[in-house]
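**Q** Quick one: the structure is below, questions incoming.
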Amino acid sequence: MSKLLLVALFGAIAVVATSAEVLNLNGRSLLNNDDPNAFPYCKCTYRQRRSPYRLKYVGAENNYKGNDWLCYSIVLDTTGTVCQTVPLTEPCCSADLYKIEFDVKPSCKGTVTRAMVFKGIDRTVGGVRVLESISTVGIDDVTGVPGAAILRIVKDLALPYSVVASFLPNGLPVCINRVPGSCTFPELFMDVNGTASYSVFNSDKDCCPTGLSGPNVNPIGPAPNNSPLPPSPQPTASSRPPSPPPSPRPPSPPPPSPSPPPPPPPPPPPPPPPPPSPPPPPPPPPPPPPPPPPPSPSPPRKPPSPSPPVPPPPSPPSVLPAATGFPFCECVSRSPSSYPWRVTVANVSAVTISGGAGERVCLKISVDNAAAATCNNGLGGCCSDGLEKVELFANGKCKGSILPFTLSNTAEIRSSFSWDSTRPVLKFTRLGLTYAQGVAGGSLCFNIKGAGCTKFADLCPGRGCTVAVFNNPDNTCCPRVGTIA
């Protein structure tokens with residue numbers, strides 16, 4: 001009887017284990033999400049500095065076995081990671097390879113139907129055969145995350161770390177096809193340059209180094225962190241302090257012009273002498289002349305000078321929500337001449353999110369060449385600094401309508417944004433972009449969906465959102481750098 005109970009118990013455990021695996025692969029219901037709205041939509045070690053796995057962009061492979069392919073290469077690179085010392089103490093430094101996931105547009109289902117792993121390879125390493133294989137794949141919605149979908153490659157991909165390492169330096173090729181007439185790759189990956197957001201998982205699914213790969217992105221991102229130092233001399237060499245003078249714009253000097261009129265009043269006193277022509281009685285009249293002096297007090301009546309405050313009224317037309325005082329923080333320098341980072345609108349496209357209309361907004365974040373050439377390091381010393389944060393003075397009614405963002409051309413994906421608790425300010429934080437990455441330029445993309453707002457014009461009405469940029473690490477410089485609409 002006890003044996004029967006044990007058999008039943010083991011059977012139940014097997015069923016539960018199988019169900020758990022299915023849930024992990026499809027809906028990830030068993031994974032505790034720290035941020036359920038952020039790719040890769042699960043709790044795992046996603047920082048690239050803790051794993052050597054990278055997905056390097058290779059390019060197109062046309063008409064191979066009846067398909068046109070876009071190919072990448074799985075490589076191991078420890079540059080800028082904690083995986084450079086032996087023995088390896090970090091568990092993700094020597095993790096096995098299990099699957100790759102891409103963050104894709106839900107409405108592009110049917111765009112990718114095949115995945116090819118290990119193209120052109122047939123080799124046995126340590127008793128493990130590595131062989132080209134083509135399998136069927138598809139795009140799956142992410143449970144509980146509206147407007148999110150995943151393209152997953154699992155079949156025939158699993159390999160031990162030692163086998164993956166034996167294919168250095170070229171790595172292991174992985175390709176996906178594209179069905180003619182479907183979404184383009186920029187549409188599929190929701191990036192104008194076709195940059196893909198990816199995660200590489202181990203079999204325990206607790207390691208998921210996450211990054212970007214595309215024609216304009218070097219997936220081995222941590223290394224450039226030291227590169228911003230060289231550019232620093234360039235901006236300082238051509239610094240142009242004159243930029244600060246424009247900032248003072250006190251029109252107050254005009255009021256003094258009224259002061260000259262007071263001198264003319266003194267001439268009136270000469271007329272009083274004619275009255276003295278009469279006999280002694282006139283002397284008493286001279287006291288009346290003192291009343292004329294009262295006109296002189298009129299000059300002190302500069303209280304009319306308060307008229308100068310009238311100039312402030314023109315400021316309101318700057319933008320629908322007045323951005324007076326923005327950004328609301330203390331910085332060493334607020335001058336755009338001290339910090340060359342700029343933000344512009346790259347593109348805005350219509351999207352459907354959970355059956356409702358919305359828009360995807362991509363902002364170009366970069367170091368402006370002209371601003372860098374004339375940057376004045378004497379105003380705060382931020383000319384060669386990286387970018388930590390971007391703030392938008394926006395429509396506060398859009399709180400709850402912004403979905404997490406993706407950031408291209410960086411070593412990691414970050415999706416940290418928030419609204420100020422008391423003011424209508426949308427903040428994109430923890431960007432961690434280096435100066436060198438700013439020179440290359442990057443895209444910050446996010447979705448806008450109801451209920452409060454569904455369009456970029458809702459978020460940035462009128463003349464648009466006023467933008468402020470902050471250097472890292474201590475927000476020394478925080479200039480306003482224009483508006484976007």
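Keep in mind that glycine also has a Cβ here, set from the backbone N, Cα and C atoms.
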**Q** Look through Asn193, Asn225 and state which residue has the annotation N-linked glycosylation site in Swiss-Prot.
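**A** Record annotation (Swiss-Prot, N-linked glycosylation site): Asn193.
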**Q** Of Asn193, Asn347, the glycosylation sites given in the record, which has the fewest other CB atoms within 10 A of its CB?
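**A** The glycosylation sites Asn193, Asn347 were compared, and Asn347 has the fewest Cβ atoms within 10 Å.
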**Q** Could you tell me the C-alpha distance between Asn347 (N-linked glycosylation site) and Asn193 (N-linked glycosylation site) in angstrom, no decimals?
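**A** Between the alpha carbons of Asn347 (N-linked glycosylation site) and Asn193 (N-linked glycosylation site) there are 11 Å.
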